[in-house]
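Quick look at what TrEMBL annotates:
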REPEAT    140-174  repeat 'PPR'
REPEAT    175-209  repeat 'PPR'
REPEAT    210-244  repeat 'PPR'
REPEAT    284-318  repeat 'PPR'
REPEAT    354-388  repeat 'PPR'
REPEAT    389-423  repeat 'PPR'
REPEAT    424-458  repeat 'PPR'
REPEAT    459-493  repeat 'PPR'
REPEAT    517-551  repeat 'PPR'
REPEAT    552-586  repeat 'PPR'
REPEAT    587-621  repeat 'PPR'
REPEAT    622-656  repeat 'PPR'
Amino acid sequence: MEQACKLTRALANCDDPKLAWHLFKRVISSKQCIKSAPKIARRLIRAGMHSEVDQLHKLLVSEHRDECFSSLVSVSVTAAKSGLCEKGFAQFKSLRDHFPEKPPPAVVYNVLMEASLKEDHVEYVPLLYEDMVAAGVQPETYTFNLLIQGFCDSGFLVDARNVFDKMPEKGCMPNEFTFGILIRGYCRMGLADQAMQLLDRMVSYGVSPNRVVYNTVISAFCKDGKNDEAEMLVEKMREQGLAPDVVTFNSRISALCRDGNVLEASRIFRDMQIDEDLGLPRPNLVTYNLMLEGFCNDGMMKDAKALVETMKKHGLFKNAQSYNIWIWGLVREGSVADAQIVLRQMVDEGIEPNTHSYNIVIDGLCKMGMLTDARRVMGIMISSGVPLDTVSYSTLINGYCQKRRVAQANCILHEMISKGCSPNIYTCNILLNSLWKEGKISEAEILLLKMNERGYDMDTMTCNIVISGLCKNEKLEIALKILDRMWIHGSGALSELGDSFACFLDNATNENKCMPDLVTYSTIIDGYCRAGMIDDAKTRFTEMITKGLRPDPTIYNIFIHTYCKEGKMSAAFKVLKNMEKKGLKKDLHTFNSLIMGFGIKGLVFEIYGLLDEMMEKGVSPNVFTYNYLLRCLCEGGKTKDAAAVLDEMVQKNISPDISSFKILIKAFCDEHDFQSARETFEIGLSICGQKEALYSLLFNQLFHGGEILEAKEIFQEALERSFYLGNFLYKELIDKLCKDDKIEIAYKLINLMVSKGYRFDRAPIMVVIDELLKVGKKVEADKLSEKMMEMASEGRVENRIIKGKRKTYSEKLNLDFGGSGWQNIVHRDDGSTLALRTIKRVQKGWGQNYISGLEPKSDHPIF
């Protein structure tokens with residue numbers, strides 16, 4: 001007995017958890033050790049000896065069942081409070097099983113409920129309440145507050161309201177916290193009106209709304225765009241003697257910025273800074289960040305930069321969130337280089353960029369096609385110890401897919417997995433979408449099956465990608481079947497793709513219904529319209545409305561664009577009128593479609609009228625808007641006016657694209673104003689870069705216009721830049737030069753093409769060989785014939801430079817004579833027999849294998 005007392009005293013003073021546990025087990029038979037149980041439990045938990053906590057519970061029950069009730073309760077509560085909610089709940093359940101006749105007090109239930117909510121184990125809360133009622137323990141208002149919070153956090157607002165309404169029956173009246181919890185629950189679910197009704201009822205319960213409750217509802221109204229209701233509530237708040245604080249104003253500023261009313265938000269922000277007499281709260285860091293984001297989102301970069309300088313001056317620009325907003329704003333405006341400078345400044349200031357900081361820059365680089373630089377930034381992240389996440393890899397994968405480099409994107413996916421970063425459904429959807437876009441249907445279907453095998457829950461976006469791919473690949477019927485079955489089977493509707501996808505129907509769950517949305521219907525409606533089945537598109541439009549989906553401008557624009565493309569302007573305006581009746585405004589796509597429609601009809605005056613309307617409504621035209629106008633002017637013979645429009649585009653910082661210059665170049669050439677065409681061509685190169693499309697267009701136009709030598713110069717420039725030749729009328733140019741007795745120029749061009757490594761149609765070579773033989777230049781003809789035979793041994797015509805490709809023996813034997821152009825020259829009767837004889841003479845000097853390789857096919861005799 002004396003020994004046990006000594007050990008118990010030693011246990012009470014022991015700081016070593018392992019030794020304390022050892023001592024406890026030695027004195028477990030002594031009743032004196034029971035009081036030490038809560039203390040030893042705390043020590044074990046702090047030391048991470050969680051299994052010993054379970055043993056402690058079992059030892060107490062086995063050794064001192066009748067005396068250990070209070071200690072067991074304390075151990076359970078200690079575990080719950082210490083972040084071991086599951087363990088605490090399990091021990092409490094065991095306690096109730098062993099002592100069903102001795103329920104703990106309400107405070108114990110409250111502590112366990114609170115711990116459950118804190119550790120996101122909401123499911124324990126109603127179970128604890130049910131046990132409390134069954135045990136006959138009287139709940140407290142705090143108990144009901146916890147229960148209501150649990151239901152709200154789980155999204156079960158009906159249950160939360162039922163508990164609230166029954167509180168008086170249980171002898172508990174709601175307090176300001178009860179109302180606050182339930183009102184916040186309504187607001188989080190987007191039910192601000194119901195939250196407002198509850199706020200109005202507070203007075204009838206003898207509870208006055210506090211500033212937090214008001215701010216919660218005001219913020220919800222602002223998020224829903226109900227600014228008038230928010231203003232009225234602010235006035236009501238003032239009437240009750242509660243001055244709006246910075247949180248109230250931040251909600252208002254946030255809502256105004258989100259709605260695009262940045263100037264109004266800026267006015268409020270300025271008043272908060274300078275009008276102290278009005279009793280307005282001073283802006284805090286949240287206010288500054290909201291305004292910075294508002295300026296950046298609205299493209300007001302000068303104001304954003306000035307605000308950044310002000311924040312730096314007041315020592316507020318010293319956290320990652322502010323830097324991230326500013327970096328995002330720069331990237332959004334296309335100033336990725338400046339964004340990278342800010343990122344470096346961030347490091348210099350001792351503020352560690354987080355993964356989100358780098359992801360913003362990576363996204364900007366990928367959108368600009370600077371994939372190598374994006375990879376370099378990822379390398380910096382790794383070397384700096386900043387973890388790459390799913391967003392980092394998914395952004396890069398999307399960048400490669402946008403460049404139609406799916407193979408590289410797939411490599412990034414494998415790298416991502418090898419680095420232990422799991423792709424999500426969004427990552428897979430990016431690849432899936434790219435494969436469908438490129439028409440790689442079989443590969444897309446294989447990826448879809450793999451996604452299903454690996455347990456990815458197909459979402460609506462997945463189904464929309466498949467439906468879009470089917471529509472673009474002229475498989476509208478299958479797309480329609482998937483849409484119809486989505487309402488019933490969710491992602492299981494993908495089983496319509498074929499027998500291999502039957503497993504999708506089995507794997508579909510009620511939790512993931514994958515319901516059709518506006519994107520689904522807009523895709524189907526667009527598919528119908530492209531197929532000329534506009535009546536069916538209208539039927540689907542009606543179906544969409546009956547299903548409870550409210551059409552947006554995108555769907556109306558599909559109909560408007562279709563009618564305008566067909567020149568049915570009255571029908572387009574009828575749809576527009578219906579669209580505006582629904583409270584939807586014309587956007588850029590709407591205006592562009594109408595301008596295109598007027599352009600088709602040559603109605604320039606009406607186009608200018610629409611441009612004026614765009615300016616009045618604050619809708620900025622883009623390059624497509626101006627291209628429609630350019631085309632209309634050029635087709636109407638007003639090329640000089642079109643040139644003025646091009647100048648206007650540049651002045652308004654709307655960069656003309658290749659189509660803009662192609663329209664003008666063609667128009668000038670049609671008017672035989674080749675000088676202006678050449679000048680426009682040079683401007684196009686300076687703005688768009690050295691593009692094959694501009695070279696081939698001008699070359700072909702010059703050739704058709706009889707400017708043969710000018711065309712030849714453009715063609716030579718194209719050859720020097722190693723452009724693809726398939727769009728150049730180079731065969732016709734060589735033929736024309738030969739007919740005009742300019743054989744030397746033709747011979748030089750052919751030699752240049754050969755020396756550059758082009759694999760092209762051999763027909764123009766035959767023409768040059770003919771002419772060389774006619775003028776007695778047999779040596780040159782023989783050399784050119786040898787070159788032609790080498791090209792014939794290399795395979796198919798590609799009209800591009802082929803470098804370093806080794807040919808197999810079988811490839812050298814299987815010659816391709818360049819299609820119809822070659823066949824026509826071989827069989828013509830205009831003297832090409834000279835060239836044929838030359839080829840045969842050259843053949844005799846070659847090895848037997850190559851001679852046999854030129855044996856004609858039985859169905860196409862050549863010699």
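Using N, Cα and C of the backbone, Cβ positions are placed for all residues, glycine too.
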May I ask for the residues of the chain that lie six or more residues beyond the repeat 'PPR' (210-244) and have a Cβ under 8 Å from a Cβ within it?
176, 179-180, 183-184, 186-187, 190, 192, 195-196, 199, 202, 251-252, 254-256, 258-259, 279, 281
So what's the mean pLDDT when you look at the repeat 'PPR' (284-318)?
91
Please list, for the repeat 'PPR' (424-458), how many residues fall into helix, strand and coil according to DSSP.
26 helix, 0 strand, 9 coil
With Cβ distances under 8 Å as the criterion, find the stretch in 140-174, 284-318, 389-423, 517-551, 587-621 that has the most pairs with the repeat 'PPR' (459-493).
517-551
Non-local residues, at least 6 beyond the ends, that sit with Cβ under 8 Å of the repeat 'PPR' (140-174):
106, 109-110, 113-114, 116-117, 122-123, 125-126, 129, 132, 181-182, 184-186, 188-189, 191, 205-207
Chain residues in Cβ proximity to the repeat 'PPR' (587-621) (below 8 Å; excluding those fewer than six residues from its ends, i.e. six or more beyond):
553-554, 556-557, 560-561, 563-565, 567, 569, 572, 576, 579, 628-629, 631-633, 635-636, 638, 654
Treating G and I as helix alongside H, and B as strand alongside E, what does DSSP give for the repeat 'PPR' (210-244) in helix, strand and coil?
26 helix, 0 strand, 9 coil
